[in-house]
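Peer 1: Reproduced below are the annotations present in TrEMBL:
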TRANSMEM  12-31  transmembrane segment
DOMAIN    24-300  domain 'Sugar phosphate transporter'
TRANSMEM  129-149  transmembrane segment
TRANSMEM  155-175  transmembrane segment
TRANSMEM  187-207  transmembrane segment
TRANSMEM  227-247  transmembrane segment
TRANSMEM  254-276  transmembrane segment
TRANSMEM  282-301  transmembrane segment
Amino acid sequence: MENRSEAGASPYKSLVAAVSYGIASMAMVFINKAVLMQYGHSMTLLTLQQSATALLIHFGRRTGYTRARGVDMQTAKRLLPVSLFYNANVAFALASLKGVNIPMYIAMKRLTPLAVLIAGIFSGKGKPTTQVTLSVLLIAAGVIIAALGDFSFDLLGYGMALTSVFFQTMYLVLVERSGAEDGLSSVEIMFYNSFLSLPFLIFLIIITGEFPNSLALLFAKSNSLSFLVILVISLIMGIVLNFTMFLCTVVNSALTTTIVGVLKGVGSTTLGFVLLGGVEVHALNVTGLVINTAGGLWYSYAKYQQKMSKPPKRISDVEARSK
């Protein structure tokens, strides 16, 4: 499997990695929304996805299909805080999808660069460029305007999405400052992330009361072929999304992953108005989403210019792993 040495991969492989991540990321939002419309236990869904990932990689290593190394306790200890923040981000994101329509969910997740910039200023990272600052402020303004025109406004859903942004910011800043994932292949990062998250997630589904009700509902839903198909697709796509995200960052660059994330967000926002329902069109809401999307595109362009103006070197861009 791929590792960090593949940063100089062929243009074809780089293109395939970027396109694969974009498609997987776009599809995952709709698949998770479809599952949660029938099965509201988001923590249990995440636990199933992470269990499937850990088991697949474990059996792949046992059978020799992957070259991922075995569990190292020092590495696990180093990655534990990173894994907790990552899974808290995903857990709150899934919970927000139960009450927030897809266009607004994507718009709110675009607030991550703003949160990262604020965290960077307070941590002494320095002042961002004028273009970067203005673009993230445009993103934030778009979210506010869109929210004012959101007929399906759900306070709890919005709160969950904003909490997800906070945890994603903490995860990105921690990864950049600690270098916790350095020297690991994309498959190894996936395995440690899934393996370390399971005790935390199992504790959450018990303490929040999801278990055993979520398990009983899962067995009751097992009679529905359509639900089982969507659930299996969700488990498979959870693995595919994580792998393509890490692979895109490894094979291309952090900046490429950021730009792909923004571009897929444009497609997801558009499709979100016509797929799965839940969106009542309002001029104010649409205007806000257009402003938010424009800010996202401007942000990507500003980051691209910022990179091109620097001498060539290996960099770490914390915005790379946004979903």
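Numbers run from 1 along the shown chain.
Every residue, even glycine, has its Cβ placed from backbone N, Cα and C.
Those TrEMBL annotations? Automatic predictions, nothing curated.
Bear in mind that the values here come from a model prediction, so they are computed numbers and not experimental data.
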Peer 1: May I ask whether the transmembrane segment (129-149) has at least three C-beta pairs under 8 Å with the transmembrane segment (227-247), counting pairs 6 or more apart in sequence?
Peer 2: no
Peer 1: What mean pLDDT does the predicted model reach across the domain 'Sugar phosphate transporter' (24-300)?
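Peer 2: For the domain 'Sugar phosphate transporter' (24-300), the model's average pLDDT rounds to 84.
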